[in-house]
Every structure is written in C-alpha cells, then in structure tokens.
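Okay, structure first, notes after.
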Amino acid sequence: MDTVVLEGATHKKAGPGSVPGVPAPPVKRPKAKKAKKAVVFFEVEILDAKTKDKLCFLDKVEPNATIGEIKSMFHKSQGKSLKDEDVLQHLPVGTTATFYFRDLGAQISWVTVFLTEYGGPLLLYLMFYFRVPFIYAPKYDFTTSKHWVVHLACMCHSFHYLKRLLETLFVHRFSHGTMPLRNIFKNCTYYWGFAAWMAYYINHPLYTPPTIYGEQQVRIALIIFLFCQVGNFSIHIALRNLRPPGSKTRKIPYPTKNPFTWIFLLVSCPNYTYELGSWFGFTLMTQCLPVAFFTAVGFIQMTVWAKGKHRSYLKEFRDYPPLRSPILPFVL
C-alpha cells in the first residue's frame, strides 16, 4: 500500500481521457520561428548635374530597385505643378510645406509673341505681292500680276493675319501670362518662313492659276475659306465668353445660338477644325505646292494640340460629352 501511494505521487495529475498509471504522451513544443534576415535599405541623394545642388533625398530605397523605379520615386517626391491661384490651406500639406522652384528661363508675354509671329507673315507676303526689288528679276520690280487669283490670294492671306492680330488684341484671354523667350524664335521661323515661301511662288511672274476647273475652282475655294474664317472667329468668341475677365477658370464649351458653334457637338477644338478648312480652301484657290505643304504641317501640329486639349477636358470634367473627337468628327 505504501508503494502504491508513492507511485501516485510521482505521476502528474491525469488529464481528461488519460489512464491512471500510464505515462502521458510527450507534449509537442511549437517550432521556433526563424529570425528574418535584416534588409539593408539604401539612401539615395539626387543632385543637379550642373549646379550640384541637392534636388531630393530618398531614404529606404530597396537594394533591388531599378533606376526607373528611382526616377519614379523622385518625380513623386516633387509633387504636382501649382497654379498661381492655388490656396495653401487647400493643398495636401501640413503646417510645414516644401516647394520646389523650377527656373523656366527668360519669359515673354503671349500677346507679344502672337503679334510678332502674325505681323511678320502679313508684311512679308505684301513685299512679295508688290514685288519689291531684289526678290525677282529687276524688270519685274513693282509690277503686278495679270491673274486675278493672285490679287484674291493676297486679300485672303492679309485678311487672315489681320484677323489674328485683332483677335490677339481684343478677343483672346490667355490662361498663362508668359511663355519661354526661345519660343518666339521657333514660332517666327515657322510662320515667317512659310509665308515667304508661299508668297514667292504665288506672286512669281511665271505663276499660273488653276487650269483644271479654272474660275469655278477658285470661287468654291473662296467660299470655303470665308466660311471657315467666320467659323473660326465664332469659336474664339464662344471660348472668350467662357472665361470672365481676369479669370483662369475653365468650363466645358457648348454650342450657342450661333450656328457656327454647333460643331461643338462633335469636336472638342473646332477652332482648329475651321483653321484647317481655311488653309484647305487657300490651297485649293492657289493650287500651289508650298501652300499644300504648309496646310499639311499645320494639320499635324493642330492635331497634336487638339488631342492634348481633348485629354485635358476628359481628365478635368467627368461629365464631358463622350461623342466629341479632338479635331475631325468621328475620325480624329
């Protein structure tokens, strides 16, 4: 009996379902978790290549990060471009904000640029039209063409650029006050160069007017030109009325009572559509290769601008009409 008492004392209390006198099965201990390897992060400092000034400091950059990912981290750290009318308390910053200054170089007003790039073609074309000395042979100095389409072309070309100059002064309201100074040289080279090239051939003493359809072709071209010029002016007026004086607000343009604005139902930038139509009519009128080339180059450039504005409208306005195309209805 003493022995039984001693055995009972040496065993642990039997658990539920265990048999007295039988050793309990060994308890499984959980395996120890393996210690994670320490990850070494990099600290990346980005400097300006010219001035060596620090542009950004990136901490906790993973060792396997690619250069492309580092570039993306850098651009995200720069934030978004701010407008002059943005209010500080409405920005996603705390009581301490970091601003990055970007030097855009020498600036010039948009009005000055437009007056310069539009005034040049007007004067250059008239110099070729009046055949001032040192352009053609001396015997043609200050002579006039015998073809009436040459005089008509001069009136249309002059009307177009006079309209642009007057719109710059009295119609357009610019969202940005200035643009880089270098742009005036690029823009003037484009407009002045093409104007001189077109004027040289249209006013050349050996120029021949359209012969396939003759006067009928010229009259149809004139109707197209004038129709599109009125349409272009109507769109500029409609866009001007969307923006109050001194404001930079943007609204969705919609058709007005003016029938020339009804094209807004199908196109985001009808001012470019009408501009293209004007130069198509001028090409048909003069049947001149340099004019056709200028129209083609202008169409490519205006398409780029129209697509950019169209994307901007879609991004800014959720209720933007989905049926509209950038420049050509249902096409482009």
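Every residue gets a Cβ built from N, Cα and C, even glycine.
Whatever TrEMBL says is automated annotation, not expert-curated.
Range annotated as region 'Disordered' by TrEMBL, chosen from 9-30, 229-250: 9-30. Counting residue by residue with DSSP, the domain 'TECR-like N-terminal' (42-77) contains 11 helix, 14 strand, 11 coil. Note on the transmembrane segment (108-128): residues 135, 154, 157-158, 161-162, 164-165, 168-169, 172, 174, 176-181, 183-184, 187-188, 190-192, 194-196, 198-200, 202-203 of its chain, located 6 or more positions outside it, place their CB under 8 angstroms from a CB of the stretch.
Proximity of distant same-chain residues to the transmembrane segment (187-206), defined by a Cβ-Cβ separation under 8 Å and at least 6 residues beyond the stretch ends, is recorded for 113, 116-118, 120-121, 124-125, 127-129, 131, 135-137, 140, 143, 145, 150, 153-154, 157, 286, 288-291, 294, 297.
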